């Protein structure tokens, strides 16, 4: 039985400090002292004629810096909104409101899709959506969401465990075994994966044997439908092994 653990909130990256404005002024002053002044641009002349002041290089740099800072603030705001939506989804999941939780996780994904370096939020939301679908018995959807989470984070152990559980529910034993082996590769001490492998491998062998028997039965039916036209059946033919070579030959028996 899989213990459902929801994802912790990711830490937000710290914003780099802007350069001290005193250093900018000192640099510009040194440049002006060593170079002859250039004739004013037409816009500056018009501004002087009207009694106004033309924008300086320092003003333009500060304006560009403010624009960049605003973009960074917008990204931080969007990231905060995505985390808020994810947190609300976690609350709804805890209350057993899985459909509502799915909507909140989807909202977080839509917001995070516009952000760079938001793989942690997106992979967590896909994994949490997978748990919701697992609770709702929608195992195919669980597998799809886990696969999306793993595309963003290939070493996401929880997504591997959840996908393996969904595969087992659908009797995809070989696929479930592959996911559990990957979990053990990433986390050798994971007891859940070890116990699951011990249970899944006999089930996978039994299913393979059953599929082989079904295939032989179908081939036998096909052979009988053809041989029946000649008054024979596949029971008239027997495979006999040569004790010397180990090869088989087909013998006809009435």
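Backbone N, Cα and C define each Cβ position, glycine as well.
Per TrEMBL, the features are:
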type     : residues : note
COMPBIAS : 1-11     : compositional bias 'Acidic residues'
COMPBIAS : 56-70    : compositional bias 'Acidic residues'
COMPBIAS : 72-86    : compositional bias 'Basic and acidic residues'
REGION   : 1-86     : region 'Disordered'
REPEAT   : 123-156  : repeat 'TPR'
REPEAT   : 157-190  : repeat 'TPR'
Other than its close neighbours in sequence, what residues sit by the repeat 'TPR' (157-190), given a CB gap under 8 Å and a spacing of at least six beyond its ends?
2, 5, 7, 123, 126-127, 130-131, 134, 139-140, 142-143, 146-147, 149-150, 196-197, 200-201, 203-204, 207
Which whole-number mean pLDDT does the model give the repeat 'TPR' (123-156)?
97
Count up the helix, strand and coil residues in the repeat 'TPR' (123-156) according to DSSP, in that order.
27 helix, 0 strand, 7 coil
